[in-house]
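Structure first, then comments.
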């Protein structure tokens, strides 16, 4: 057996077992378990885990902080889609600043340092952050659906206010769904399947409650993964269908103008789809592993090296989702890329005067266009005011 896996087999049972019961990332945290033998993780493995978590935290905080700063500092970036994306960044920051460091600490020390109250608070924050991420992506997909499939229903006069209200509702719903975690999460006694030891850990239910384990894992998988992604898939199917039809049905005299509008919305929809795909890929192993544990281990936890390796991989991948969104935007959005570079290089130059707010620009355009075709100008203003690709 490779030396790395031999070292893994000798890791603290508490560090292994505390990973074994989680929901979305609400897992069991070790609380000063006494071991039957004096063993500790290999230094190479411990260093690798520590560096990985440090990179996730540092990169995630940097990227999301710059994203939020760009949104509040650059007026042209304060559009409907960007309000949701900024809300998503706040949720990611919450996870990175609280849950990721706590999770990393389990590999450095073998005692839970945050008490019973910390168990409840961390459980609540973890599930709230997951809810904010997936539900914001769902609402953002619905917004793209309305922008492309039903553009005449857009209300630009109060779009920003309504969008802020929706973002707040997403946070409230996420906190309400996470509230039971804070209520029922507590310190329970766990045992190791390969070592004759028991220990206290933070979990949303006692390990001996088979029905609770299975029900909890299924509800988390459905509410925080399957149902939202199914809704998003339905929205994007309708979006793709509409864009395909519009390619062949646009009038010849409006071909150039309509083509620009369609391309603009396609790029924004593509950006949202990439964020959704990143969430789905990053969180799927975590959910699968939790379902497997819930239906397999009821009285003890698996402390094998392979199980530990799979768990660390799933956790790191899930946490990574909180730091990749800003860099996906950097890759997909030219305007965000420009402002991101300015913030990184500490450039304090103000944006050109031509980069006015979408509402101001559309108003001027509307006043000029009224002299020509009033009806068409009103529709064009509505479609372009907050959904121009250069101002996602």
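Counting starts with 1 at the first residue shown.
Glycine is treated like the rest: Cβ placed from N, Cα and C.
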Feature N-linked glycosylation site (Swiss-Prot), candidate list 26, 196, assigned to 26
Query: Do residue 71 and residue 345 come out on the same side of the membrane in Swiss-Prot's annotation?
result: yes
Ranges in play 220-240, 241-261, with Swiss-Prot marking transmembrane segment at 220-240
Swiss-Prot record, transmembrane segment, of the ranges 293-312, 313-332 the matching one is 313-332
If one takes Cβ-Cβ under 8 Å and requires six or more residues beyond its ends, the residues near the transmembrane segment (220-240) are 23-24, 127, 130-131, 134-135, 137-138, 141-142, 144-145, 148-149, 177, 269, 273, 276, 280, 283-284, 287, 290-291
Quick tally over 163-183, 272-292, 313-332 of CB pairs under 8 Å to the transmembrane segment (41-62) gives the top stretch as 313-332
Ranked by Cβ pairs within a distance under 8 Å of the transmembrane segment (121-142), the first of 82-102, 163-183, 313-332 is 163-183
DSSP composition of the topological domain 'Extracellular' (103-120), residue counts helix/strand/coil, works out to 9 helix, 0 strand, 9 coil
Beyond a gap of at least 6 residues from its ends, the CB atoms lying under 8 Å from the transmembrane segment (313-332) belong to 19, 24-25, 52-53, 56, 59-60, 63-64, 66-67, 85, 88-89, 91-93, 95-96, 100, 103, 129, 133, 267, 270-271, 274-275, 278-279, 281-283, 285-286, 288-289, 340
